[in-house]
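Please read the structure below before turning to the comments.
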Amino acid sequence: MMMMRYLPLALIPAVCAQQHTFEAQQQEPWTAKYGTQTDLGYTGPLSYSHLPYTRCLDDISTTFDIAVLGMPFDTATSYRPGARFGPYAIRSGSRRQSPAGGYALNWMTNPYSHAKVIDCGDVPVNPYDNALAIDQMETAYTTLLSRPVNGSASTRTAKLAHDGAEHPRILTLGGDHTIVLPILRSLHQVYGPISVIHFDAHIDTWPAGALSGVLTEQSKVTHGTFFTLAFEEGLMSNTSIHAGIRNKLHGPELIEHDEEVGFELILADDIDDLGTDEIVKHIRQRIGDSPVYLSFDIDTIDPGQAPATGTPEPAGWTGRETKRILRGLAGLNFVGADIVEVAPAYDNADITGILAAGLADDFLTLFVTDEPPKRQVKQKRALKDDL
Ligand SMILES: *[C@@H]1O[C@H](CO)[C@@H](O)[C@H](O)[C@H]1NC(C)=O
Ligand SMILES: *[C@@H]1O[C@H](CO)[C@@H](O)[C@H](O)[C@H]1NC(C)=O
Ligand SMILES: [Mn+2]
């Protein structure tokens, strides 16, 4: 160390830096002994499924085929607020998922192996001014939708973009359901009117003002009226469909309005009469080839399996039934998807966040697969043979 005193001053920092790196590699006890270890489920910074995390809105050079994007907006809810923590809860619920361990037996594929999928972080939505927040969400969505695709692998791409270009797909983590209005506005610029497959306990097609009494223009924009507003703006085609509905209404006339908005209705109870396969057929027939957006309200699922949501309704579908229906939809022309209304303050043992993360994984798989998996189920031996 005495030598240092005689070195020309300008050289000292460079020499020290070099020496430090060299010593780090040679002498640091952790790497010397354990090398480089990957993160465990419960270690590391939080991103969806441990995907690379980039603030894509700020970093113009980032390209991707599929982006996960949080929209922590919850200031247009009618009952229990708290879905601004949905993106956090879904990412946290995804900690046991990872690209390296992403092979799903029921799908027979790993969605992360088909495309460049990254977590683009959250839109920093304003919590004080809903009009501003909605504009921020539309602007953010349009920004990512306009990025060139990475094309790093054999991505199945949405077919019918208006402008003839290939666009990335975005999986949005809500947020209350209102976030779909700015998303549909943005998608409309690229795809024109699109169909929606809407999983929910509630129709969300209340006439504008039905929830607020039209006190102001802005109070029309809620998590129960956004589809009506989207219809009035011409953003949707007339071949959309609901699945899982069981909310109560003031009267049956609201269903006529719902049909006008463009929806067909599959009730939660229909699963007992039709079964999952028949429900899949209904949805596929309704949607056909049209560009379709998948919007999934976590309150579709029975509150026993997904209690952490703003407006829970009893007697919904199970996670297993729903995942089976989702697999049946592979090959439709999905242009985007979301999972909304996860409000973790009402959760127990993270069960809602974990289920929401698993469903989001299915949405990613729908973006990259061409047809439902054809898994052969081995006939189980009858019990009497063993006797
Ligand atoms: C795709 O992403 C990789 C990094 O993951 C980057 O090196 C490459 O340049 C990107 N390709 C395009 C076409 O954007
Ligand atoms: C949708 O609208 C088109 C024309 O606007 C019409 O031909 C078609 O029958 C409608 N479809 C449904 C399911 O209502
Ligand atoms: Mn909803």
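Note that Cβ sites are derived from N, Cα and C of the backbone, with glycine treated the same way.
Unlike curated records, TrEMBL annotations are generated automatically.
Look at TrEMBL and you will find HIS177, ASP200, HIS202, ASP204, ASP297, ASP299 tagged as Mn(2+) binding site. All protein chains considered, the CB of ASP204 (Mn(2+) binding site) has 26 other CB atoms within 10 Å. DSSP assigns ASP204 (Mn(2+) binding site) to coil in the three-state reduction, outside any helix or strand.
The feature signal peptide is assigned by TrEMBL to 1-17.
Taking Cβ-Cβ distances under 8 Å and a sequence separation of 6 or more, the neighbours of ASP299 (Mn(2+) binding site) in its chain are ASP200, ALA201, HIS202, ALA306, THR309, GLY310, THR311, PRO312, GLU313, GLY316, GLU341. Close to the recorded Mn(2+) site, the chain also has HIS198, ALA201, ILE203, HIS223, GLY224, THR300, THR311, VAL340, GLU341: residues not among HIS177, ASP200, HIS202, ASP204, ASP297, ASP299 whose Cβ is within 8 Å of the site's Cβ mean position. With a 10 A radius on its CB, HIS202 (Mn(2+) binding site) counts 24 other CB atoms from all the protein chains. Neighbours of ASP297 (Mn(2+) binding site), defined as other CB atoms within 10 A of its CB across all chains, total 27.
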